[in-house]
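What follows is one structure encoded as structure tokens, with my remarks underneath.
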2 protein chains.
Amino acid sequence: MTAYHPLTEAEAIQYARTLPDLFTAGSELVSREIGDGNLNLVFHISEPATGKSIILKQALPYAKVVGESWPLTLDRARIESEALIIQESLCPELVPHVHAYVPELALTVMQDLSDHVIMRRGLMESNRYPLFAGHIGHFLAHTLFYTSDLGMNQQEKKERVKRFINPELCKITEDLIFDDPYMDSPNNDVPPAIRDAVEAVWSDAELHLEVAILREKFLTHAQALLHGDLHTGSIFIKPDSTKVIDPEFAYYGPMGFDIGAIFANLLLHYASREGWDKDAAARADFRGYLTATLREAWTAFEKEFRSLWDRHGVDRMAKTPGYQDWYIQQVLRDTFGFTGSKMVRRVHGLAQVADINKLEDAAAKERAQRIALAIGTALIKFNRQASSIEEMINIADSAVR
Amino acid sequence: MTAYHPLTEAEAIQYARTLPDLFTAGSELVSREIGDGNLNLVFHISEPATGKSIILKQALPYAKVVGESWPLTLDRARIESEALIIQESLCPELVPHVHAYVPELALTVMQDLSDHVIMRRGLMESNRYPLFAGHIGHFLAHTLFYTSDLGMNQQEKKERVKRFINPELCKITEDLIFDDPYMDSPNNDVPPAIRDAVEAVWSDAELHLEVAILREKFLTHAQALLHGDLHTGSIFIKPDSTKVIDPEFAYYGPMGFDIGAIFANLLLHYASREGWDKDAAARADFRGYLTATLREAWTAFEKEFRSLWDRHGVDRMAKTPGYQDWYIQQVLRDTFGFTGSKMVRRVHGLAQVADINKLEDAAAKERAQRIALAIGTALIKFNRQASSIEEMINIADSAVR
């Protein structure tokens, strides 16, 4: 089992038996392959006698997206497991525990989170998660601060930048988020009903300049170790627990890109409420919950980040008066821009979101798509002037008024 | 001779004999060690019979600065030779040719430039180099453009960022340029005559904020492969030829840092003319030559950089209207800030410049130091508002009016 090959379920069970201190020797183990088969195999291995279970996640050497298949480095399994281990050291409650990583098989053995649900699905079922804002604010503050020049030795940080150079997965982001949605690319999947609005995006010079500037930051600004793909499909949740998973896009980039990924997906869901609520009052109420979550997440992030900076900063010059305020303002501005970028690509780009695409009422779906585009483009255009998270909420609320 | 050890002159000759197609078999070779012994051994190997010669540069595993010695990675020899080879591929006329690199000895064999002089010394002898501005503008435009996301494949660029992670040498810059000069550090060497002006630097909150922001760019902005130490002591020159040497500080950083290094050293020399010229008219004339050189170097850089962008850009999105202008403006602003930072550290920091320190007239030297500090601090404070290179020249000329 040492040379790389996609594992069978029998091999997955066989491997699971070799892990120390997990299962009872000789007892029956059951495997279920629960991945979507596009990028990874995911085996759920359980021991019916005790109820114990684990996940074996194995990277596949290709990506399948919309029928196409292209080769994709297995090194992403190393990046994912190393990122998870760093995140666990900083926020032990907020990521799955990694039991083992087997480089030659591109295999990560991790905690089973089957008692959680994917947050995107939870929101689509109109569930609310009152602890989520605090959890994600904490996750962002700790993972971004402690992997940046503010919170770790600046020479060790450079070695870490090196370990997380991730060209193939960054290229997916560079193309699918920052490039294709702004031109008539075959990689787009344009909903016919909103073609007029998408064509307006393709011809909006002001928008294109801001996106080019945001992409330059994504390409060059090695500020902190990002999760890199922090949407609500990368979050397992239940009322009392939040777990951030799947950091295979991890690399050193601008902090606002991770924060913006969360906010974009909250606001995409905000747009999608056009179709999920029975009446206007229920819709306004759920949207109020979403914007309150966004506000609370930013506030928690900012408060904890500033507190870490004041209490645990390793950098003499970071105490320079005015520097912290300048820094937070830049992160806020980046957050506006990346929130917008991550919304726009989800409306007519290659990878869209179930929140909107699962809406059955065509009119509601079209309204949701137009709202998402309106919020996304407005945030992108406003990003370099932003000064408060309230402005983001105002932009969202204006789009549905 | 395979395990690392500092070479003797006899070993250097012995090694030179093994190089193909250089010297005549069996002929006499002469070696002279011409390094300053602080960081590297530099052997000049010549063949009196033919006049042929080469340089063997060997990194030492420590740095000696002002009597102190600290360990320093030999990997800098790899970084230097790889940077030289990349630069030679982009600007063959403007760097020494590398004949060979021997990793296990941290040894680079390169073209002998003994017919050139170090530019700092040339300027101190009041020589003028009319071709220099064009040469250095060309060097900057080509090395910065073609190693950035604008001029090379963006995935290959990330692999190159990885190869040029250079923590130890970056740390020297981070401390000696961006930190020590702004506080009462034992690493400074404060000229007693200007202690009042230096103390003003130590207590200037506006200045400290700008320096902290500039240092953040140095730490995080992986824009292009920099030379990293591009002062007039790293340039060999004669009237018809310019050669940039010693890129051991090479790493991926902000373009303005290399441009600023050149401009800072032109302006430090501008300040030092207090002591080099016989009368005010001669002084004004030489200063006019220096500011004309600075203007012409920026203009050549900008013109060539824009031309490469338009003709050889590899990035569809770089053609976005307004993006090139925005990009150049950021580089200009960074250039102001880094020019200022590189001036201030040379007045009262650990490593100062001969242009000023060799002045024999104490009053002239003090005036030069005060002028350099005035220009440097003004450029730093102005950096984020800069819009034209003329503003830099105005700031310089105002300081001597």
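Backbone N, Cα and C atoms are what each Cβ position is placed from, and that goes for glycine too.
Any TrEMBL annotation is an automated prediction that lacks curation.
Features reported for this protein in TrEMBL:
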type: BINDING; residues: A:Asn40, A:Lys57, A:Asp246, A:Pro247, A:Glu248; note: ATP binding site
type: BINDING; residues: A:Asp229, A:Arg345; note: substrate binding site
type: DOMAIN; residues: A:32-285; note: domain 'Aminoglycoside phosphotransferase'
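Structure coloured by features recorded in TrEMBL.
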residue	record	DSSP (3 states)
A:Asn40	ATP binding site	strand
A:Lys57	ATP binding site	strand
A:Asp229	substrate binding site	coil
A:Asp246	ATP binding site	coil
A:Arg345	substrate binding site	helix
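Summary for the binding-site residues A:Asp229, A:Asp246, A:Glu248: the Cβ-based neighbour count within 10 Å is maximal at A:Glu248. In this model, the domain 'Aminoglycoside phosphotransferase' (A:32-285) carries an average pLDDT of 95.
A:Asn40 (ATP binding site) and A:Asp229 (substrate binding site) are 16 Å apart (CA-CA, integer value).
Here the Cα atom of A:Asn40 (ATP binding site) is found 23 Å from that of A:Arg345 (substrate binding site). For the binding site of ATP, formed by A:Asn40, A:Lys57, A:Asp246, A:Pro247, A:Glu248 according to the record, the largest Cα to Cα distance is 13 Å, rounded to a whole number. Other than the site residues A:Asn40, A:Lys57, A:Asp246, A:Pro247, A:Glu248, same-chain residues with C-beta atoms no more than 8 angstroms from the centre of those residues' C-beta atoms, the ATP site, are A:Leu39, A:Ala59, A:Arg76, A:Ala77, A:Glu80, A:Thr108, A:Ile245. Of the recorded residues, A:Lys57 (ATP binding site) and A:Arg345 (substrate binding site) place their C-alpha atoms 27 Å from one another. Around A:Arg345 (substrate binding site), the C-beta neighbours below 8 angstroms that are at least 6 residues distant in the chain are A:Leu176, A:Ile177, A:Asp180, A:Pro181, A:Ala351. In sequence order, A:Ile79, A:Glu80, A:Ala83, A:Leu84, A:Gln87, A:His227, A:Gly228, A:Asp229, A:Ser234 are the residues of the chain that are 6 or more apart from A:Pro247 (ATP binding site) and have a CB within less than 8 Å of its CB.
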